[in-house]
Each structure stands twice: as structure tokens, then as C-alpha cells.
Amino acid sequence: MQTEKHLTGTLVLSVFTAVLGFFQYGYSLGVINAPQKVIEAHYGRVLGIVSPDKYATNASGEDGTFLQAGTEGTLPAPTDISEDLATSPHILTMYWSLSVSVFAIGGMVSSFTVGWIGDRLGRVKAMLVVNVLSIAGNLLMGLAKFGPSHILIISGRAVTGLYCGLSSGLVPMYVSEVSPTALRGALGTLHQLAIVTGILFSQILGLDFLLGNDEMWPLLLGLSGVAALLQFFLLLLCPESPRYLYIKLGKVEEAKKNLKRLRGNCDPMKEIEEMEKEKQEAASEKKVSIRQLFTSSKYRQAVIVALMVQISQQFSGINAIFYYSTNIFERAGVDQPVYATIGVGVVNTVFTVISVFLVEKAGRRSLFLAGLMGMLVSAVAMTVGLVLLSQFAWMSYVSMVAIFLFVIFFEVGPGPIPWFIVAELFSQGPRPAAIAVAGFCNWACNFIVGMCFQYIADLCGPYVFAIFAGLLLIFFLFAHFKVPETKGKSFEEIAAVFRRKKLSAKAMTELQDLRRSEEA
């Protein structure tokens, strides 16, 4: 009953509007894969390295094809071009790889400015301003056919990446600050739901008979600009974060007014008292820079946890699963593997919705651990299925089941939890710097996986998922011993958990030193 009182129309509007930024992030991640062949063919024509009739716009893996790094499809190689143009596939590969990876580079660059722009402009105004980047980037891609398409797409992806890097820090910051403690985890899970919904939309719209064809692909690439425009106008209706107003600006009455808008008829004084405590501590510790975040022993454990949950999300192997899924479905005899891949996207979305309800009941830590262990078992099953596929045809079905289970367990914990747990681990002072560092780490890992996975897969073959199984075991052990439970706890209570761990570790060290001195 208390939860229902907290869930007001203004809170729903504010959270929905904010996570539209993550919808754009998911859409941008997924949209570039579907029209790969038609865009590469267009690149070839624009650059003059392949004549217009040399590339089919709707072909797939036959003899003489070559595979693009980090993608699911193949593209026919030119057959009767002159020897001096024989390197054209490599040129197209370079431009295509840059078109894909420049998005993550933009995210890495902008993630470090999240704290500054969030504190300087406020959470809502900052999200308003950075939306201009999204609109501009999508316009560049949408107009790609009217100029040098490779330059416009790469530029548009870079600008959109800048937006997503800023948005992926500002959105969790805002959502965690406007959410009541009882709903903070459930509402924080909506970040991941928005991402997978964006990916699913891009997969569906990217089908050949919709927008993934030679005529409509610029519209497909630029379509998330609609979400940017919607978010821009809805943000005008959203209240500024009460925590930001009270703690950063000292506007007590305005903070109370916004808190009443967000909470309805609930008494705001309990939260105001919590903010006052946080404000006093923030005042005593002053502003925390990124450098201080790493050099101060006060934040060290929390920073390590924040970075490791981001690393575990990106290095879990989830992107590899999506890269391999179409190929495995083809081997299993599925007539239309692209629809089976969309089926994986649907499962992805459904279980993200389920995790919204699970996260406040089971807790962050237990779900994170369960998700990692489930992914570990699925990765082992995937490896066995791929290794024995040539000997037993039915092993392809083992691989198919493993794909779906891997995705399900990812959405139970490692998918959604890293997006909001970082904001829960830090108080107002170090939070902006911590979110910036965690965001950079996530984007950097994203870039590494995107650039290196195909090379590792070529080197290791079917054993590539054994590497992810090993990494998942490491992540599980770390989470078991180091990640605290943040469910239903205030920022002060979470900070106290780290202080106790630090004191217990210090006491253990002192005890060991005492024993050594006695033995000596």
C-alpha cells in the first residue's frame, strides 16, 4: 500500500521521460547491424571502388563471401573486378568497422563530462541540452544519401555516441535521486528495459520488407531522433531532482515542492532529514574529483565494486551470444534465422520486465550472483554444444537452449543492476565522479568487445565461450565476497557497510601482524 502511494503520475512521467535516453542507446546499439549489407554496398558505390552492379543488396553467405568483424551477416565479395580493386573489401571493412565502433568512442569521450554538466546545469536541464546532440546525430544519418554517406554516417554515429555517453550517466543519476528508497531498484531496472526495447525495435524495423532495404535505410538509422524529440518536450514537464536542489543549490522550499509533486500526499520530512544528513556529510568532505575518488581510501572499495560490475556486464559474453545466434540457428536448421534472433530479443525484453519485479523482492546482490552463475552454466553448455556439433547434430539444439538461458540469466541480474547500483553506492559528493568513471569503464569495455571479439572467435573457434565461462567465474567470486546488498538502504547505510568492511579488513591485517611478531 505504501508503495502505491509513492508511485505517482509525476514520478512515472519523470522516470519514463528519463529512460527514453536509454531507449535511444539501445536503438543505436542494434540498428547498425540489420542494414549492414545495403549500407556497405552504398559505401562501395559512393567511394567508386565497386561498380553499382557488383553488390547484391539482399544476399547472404555463399562461396566467395567474407565476414565482417563483430557482425552476424556476410557480404558477397566482388567477383570480376580488376586486381587493383581487389583490396576493396578491406577498405569497406575499415569504413564499416569505424561506422560501428565510433559510437563507443563518442560514449567514452563524453562520459567524463557527466558530473560537470549534471552539477552545472542540473539533472533535467542537462538532459534537455544533450538531447540536441542526439537530434543532430540522427539528422546526419537520416540525410546520409544526400552527401558522402560514409562521412555522414560516421559523423552521425560519433555525435550520437557523445549523447549516449552523457545520457547513460545523467539518467541513472536523475532516476536514483527522484525515486523513493522502496522503489529505487525497480525503477532503476527500467534502464535496461529501455535498452533491450530499443534493440528489439531496431531489429524489427531493420527487416528487409520494413526499413532495412536500399531505399529506407537512412530513415532506419535516423529514426531514434523521434524519441529524442519526444524526450525533449516531455522533460519540460519533469521536476528537477529534489536532492540536487536541496544539497547542491540549498533551495529548501523548491526541493520540498518538487518532492511533494513526486511523492503525492506523503510527508516529505523523512526524506528531507536524510538529505540534510547527506548535505552535511557532503559539505564536510567537499567536492570529490575523479582523482580523489581513486586516491582516497574512503572510496576505494566502492570504486572497485562500481568498476567490476560494469566490466562483468560487458565481458560476460552477452554481445558474443548475439553475434553467434544467427549462425547457430542456421546450423540448427531454422528456415528464417533472423526471426529466431528477434525471438532472442523478445525473450531479452520479457525477462527484463520480470527483473523489474524481482529486484526489490530478491535484492540486488542475490540476483546479480544468480545471474552470473546461470550465465556461467549456459556458457559451458554453449561450449559443449559448439565443440560436439560436428559429431552430434542434436547438439545444435543444446546450443539454442543455451542461448536463450544465457539471455534470461543476463537480464535477471548482470544486465540491469550495474546501471543503477553505482548511483546507490555513493553519496551526493562523490556520486557524479563515480558515475562518470563507471560510464567510461562500461563504454571502454563495450568498445574492446566490439573490436576484438571476432578476432578471438576466429582464433579460438568453438572454445570462445570457455573464455567467457572463466571470466564469469571470476566475476561471481568477486561479487560474492565484495558486492554489498543495497536493497532498501539509504546512501548512508550503504556507506556504513563499506566502512565496516574496511575496519574488519584492517583488524584482520593487524591481527596477522601481531601473530607474525609473536612467532618471531
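Positions of Cβ are set from backbone N, Cα and C atoms, glycine also.
TrEMBL has this to say about the protein:
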- 14-487: domain 'Major facilitator superfamily (MFS) profile' (DOMAIN)
- 7-27: transmembrane segment (TRANSMEM)
- 94-117: transmembrane segment (TRANSMEM)
- 124-144: transmembrane segment (TRANSMEM)
- 150-175: transmembrane segment (TRANSMEM)
- 187-205: transmembrane segment (TRANSMEM)
- 217-238: transmembrane segment (TRANSMEM)
- 302-326: transmembrane segment (TRANSMEM)
- 338-359: transmembrane segment (TRANSMEM)
- 366-388: transmembrane segment (TRANSMEM)
- 394-412: transmembrane segment (TRANSMEM)
- 433-457: transmembrane segment (TRANSMEM)
- 463-481: transmembrane segment (TRANSMEM)
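Residues 15, 19-31, 34, 171-172, 175-176, 179, 211-212, 220, 223-224, 341-342, 345-346, 348-349, 352-353, 355-356, 359, 411, 415-417, 419-421, 423-424 of the same chain lie 6+ residues outside the transmembrane segment (187-205) yet bring a C-beta within less than 8 angstroms of a C-beta in it. Highest Cβ pair count under 8 Å relative to the transmembrane segment (433-457), across stretches 124-144, 150-175, 302-326, 394-412, 463-481: 302-326.
Counting Cβ pairs closer than 8 Å and at least 6 residues apart in sequence, the transmembrane segment (463-481) and the transmembrane segment (124-144) reach fewer than three and form no contact. Counting Cβ pairs closer than 8 Å to the transmembrane segment (124-144), the top stretch among 150-175, 302-326, 338-359, 394-412 is 150-175. The transmembrane segment (394-412) makes contact with the transmembrane segment (338-359): 3 or more of their CB pairs lie within 8 A, with pairs spaced 6 or more apart in sequence.
With a cut-off of 8 Å on Cβ pairs spaced 6 or more residues apart, the transmembrane segment (366-388) and the transmembrane segment (302-326) reach 3 or more such pairs and are scored as touching.
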